[in-house]
């Protein structure tokens, strides 16, 4: 069974409050998502493997640690997941970025795949899949399935806010994928929105309706 990590750091919780606030404008919303993603990024990369190398400082030769092997790959679920990429790239500037394009049918709430573009070495990378909202879980499950079909083996799912229904579906369908979130909310309403949630993350990031 996949594990769920909820980040309760005071800075993250403070910023999530203003992400939720309907009076937060597009510019500030975008900045807050970026900031929270960076803060979460420190923790989600905590288990990255290290290897020791020899370097020379201005004073002496010494042994020091660097990240071992291939570095992280980032895979935002379009379009809202794009809002989380820069915050992670700030920490991992060498990361390669793939994209999975999905949209949710407004009637069935089922995800429809329209675009997948990935680095050629996804099987060798730890991939962090980003999407601000884990609501029904359908989009996350579809994205993870698409990545595994293309060779991905080491996957993590990073969201800002999740509903219990979405967490359960991901755990049922992809028990090997750990889930990292800033908050777990109460439930989904009849329209598939997380309650209390933050509304439509994509619309709030890009100023659309």
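Cβ atoms are placed via backbone N, Cα and C, with glycine included.
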Candidates 79, 90, 150, the one Swiss-Prot lists with 104, 131, 132, 133, 134, 135, 136, 137, 138, 139, 200 as binding 5-phospho-alpha-D-ribose 1-diphosphate: 79
Other CB atoms within 10 A, centred on residue 137 (5-phospho-alpha-D-ribose 1-diphosphate binding site): 26
Cα separation, residue 139 (5-phospho-alpha-D-ribose 1-diphosphate binding site) to residue 194 (uracil binding site) (Å, whole number): 14
The one of 131, 200 whose CB sees the fewest other CB atoms within 10 Å, among these binding-site residues: 200
Rounded distance in angstrom between the Cα atoms of residue 199 (uracil binding site) and residue 137 (5-phospho-alpha-D-ribose 1-diphosphate binding site): 16
Pairwise CA distance, residue 79 (5-phospho-alpha-D-ribose 1-diphosphate binding site) versus residue 201 (uracil binding site), rounded so that it is a whole Å: 9
Other same-chain residues whose Cβ falls within 8 Å of the Cβ centroid of 194, 199, 200, 201, the recorded uracil site, in sequence order: 132, 133, 193, 197, 198, 202, 203, 204
